[in-house]
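Chemist: Not my notes, these are from Swiss-Prot:
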type	residues	note
BINDING	Gly11, Gly12, Gly13, His14, Ala15, Gly16	FAD binding site
BINDING	270-284	NAD(+) binding site
Amino acid sequence: MSKAFDVMVVGGGHAGCEAAAAAARLGARTALVTHRADTIGAMSCNPAIGGLGKGHLVREIDALDGLMGRVADQGGIQFRLLNRRKGPAVRGPRAQADRKLYARAMQVALAAQPNLEIVEGEADDLLVTEGRITGLALTDGRTFGCGAVVLTTGTFLNGLIHMGEVQIPAGRIGEAPARGLSGTLARLGLTLGRLKTGTPPRLDGRTIDWASLEMQPGDDDPEPFSALTTALPNPQVSCGITRTTQATHDVIRANLSRSAMYSGRIESTGPRYCPSIEDKVVRFGDRDGHQIFLEPEGLDDPTVYPNGISTSLPEDVQLAVLATIPGLERVVMSRPGYAIEYDHVDPRELEPTLEAKRAPGLFLAGQINGTTGYEEAAAQGLLAGLNAARRAGGGEGVVIDRAEGYIGVMVDDLVTRGVSEPYRMFTSRAEYRLTLRADNADQRLTQRGLDLGLVGTERAAVFGRRMAALDAARERARTLNITPNEAAKHGLALNKDGQRRSAFDLLAYPDITLETLAGIWPEFGALEPAIGAQLEIDAKYAVYLDRQAADIATLRRDEDLVLPDELGYDGLPGLSNELKAKLTRVRPRTIGQAGRMEGMTPAALALLVTYARRTGSKKDEVRTA
């Protein structure tokens, strides 16, 4: 054997970077295996991080001392807070990124991480001893011993690119696919499937008629992702906005038979919420146009990413399509768009720790689990890396539940329900989104990260100072109070009931702001802006959070009822054959997870509750890894 590590991570994309960094932060001797070190942190598709739901994940990664938020701040060239006019629960931070700056910042961060080594090579096979993962073999003959492996293969597992009639075996354009690992996973008994995603053509921005287009600038007060970022280093750029036309749609309809999607060459399912331009024209044929965002890929790079027209049409048709779009009539295409098919593992094969049920020591994260998106991949990577390090060290696994974070919502959805199409995070997937806000990710998760040893000293210090300031502001707001008559002197119309109301109570009123309170108690005007904003959000949500706490208590009660691993569902009377098969496949760990399974009925769940209570199993008595 060449060398031994505690954890080996395969893949240098967003999931792999977070997995390797998390394992190393826990003290595990970690190797990141990638084809080429210079592609680590590459943004394979759109040059952006965050968005609705996705921005919440980035903030949670940051709260656990992950890298994506910090790196996005260093590489960001346009920052916007989406849904700014709506409530804080559904606001989503987003940043356009310079591809080169982002990848460079990620590579620098990993190079500075103690306990982490980069190994260039292609993973070929897993070494298994008595059913447990014990090492990794590369295609060049090198073998490594390890306590756990994290696979973050992205679109590389038997990847096949489609551009019209052209098919190219590749993990992404210009890079070879990974062929051996799919066979290894099948040999281990894991169920594999096939999914598809796509990317649009790239354009030479110097040939775009920007003067004819609507421009979208960044926010005047850009908000960073990371709590550690004190200043954003790069100038902000604007994006252009254009639309397809009826002429565009006519060209696409005339050439559908040449599209890989519509000619039958691709049979796998693509992401519902990121459809190709062919899909948009076919499914929404009554629309007169579809919006396209023209996103610069870098400060010193003329390449532009036309967000909204991913395609599998041939190159000549792509050029014809572009010529019909306002502002792009004379555009030069730097690289054609394409669709890519790849293998994935049914995520119901996994524990909520992201460890494979049939292969102890094997963890999966990212697109291999049927998700789409950088942020979804990175969040899974962090959790998988954390648990791989704990597995290698003989510790128990860590589960983030649906009431703790969007990471928990996503993983629970995956391992409980599986996927029929690439999974994307939305705020609507979370039952407790008033609690799971982007603004309070650190309050929800950083202390847990500290307890696990996942959070470093710099973040611990920043978090400690922030919480001390916030606690002091809350305490002061609850201490200061006023009568309705006193409030009236300051222009506040309160119910004349004689009751004194605290400053915190007053902030819960929709028309009362921190600025209003500063007119009564000037000390509120002296609060650090971030602390003041957080205080106001906390106050306005307080009554709703109290109600949601009861729902969370119910969730926790159900999650405390454990279903034994060895439970034979075929022998349980009262269950339909369909449910017996689903329960046997998923093997839910708790009553809560069983209740979220597709097809579960109240009667069947009541039967399982009775059985779980009779067995007397408690969550803390059951190993979670």
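Cβ atoms are placed via backbone N, Cα and C, with glycine included.
Please situate the listed features within the shown structure.
Modeler: The secondary structure of Gly16 (FAD binding site), as reduced to three states from DSSP, is helical. Long-range Cβ proximity for Gly16 (FAD binding site), meaning a same-chain Cβ under 8 A and a gap of 6 or more residues, is found for Val9, Val10, Leu32, Thr34, Ile40, Val150, Thr152, Ala365, Gly366, Gly381.
Classification of Glu278 (NAD(+) binding site) by DSSP places it within a helix.
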Chemist: Least buried of the binding-site residues Ala15, Cys274, going by other Cβ atoms within 10 Å?
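Modeler: Each of the binding-site residues Ala15, Cys274 was scored by Cβ atoms within 10 Å; lowest is Cys274.
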Chemist: Applying a 10 Å Cβ distance cut-off over all chains shown, what neighbour count does His14 (FAD binding site) have?
Modeler: 32
Chemist: Out of Arg272, Lys280, which of the binding-site residues has the smallest number of neighbouring Cβ atoms within 10 Å?
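Modeler: Selected from the binding-site residues Arg272, Lys280 on minimum Cβ neighbours within 10 Å: Arg272.
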Chemist: Taking the Cβ of each of the binding-site residues and counting other Cβ atoms inside 10 Å, which one has the highest number: Ser276, Phe284?
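Modeler: Buried the deepest by this measure is Ser276.
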Chemist: What's the CA to CA span in angstrom from Gly270 (NAD(+) binding site) over to Gly11 (FAD binding site)?
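Modeler: The separation of the Cα atoms works out to 22 Å.
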Chemist: How many other Cβ atoms sit within 10 Å of the Cβ of Gly11 (FAD binding site)?
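Modeler: Its Cβ has 30 other Cβ atoms within 10 Å.
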Chemist: Hey, of the binding-site residues listed (Gly12, Gly270), which one tops the CB count within 10 A?
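Modeler: Comparing the binding-site residues Gly12, Gly270, the most crowded Cβ belongs to Gly12.
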Chemist: Provide, as an integer number of angstrom, the distance between the C-alpha atoms of Glu278 (NAD(+) binding site) and His14 (FAD binding site).
Modeler: 28
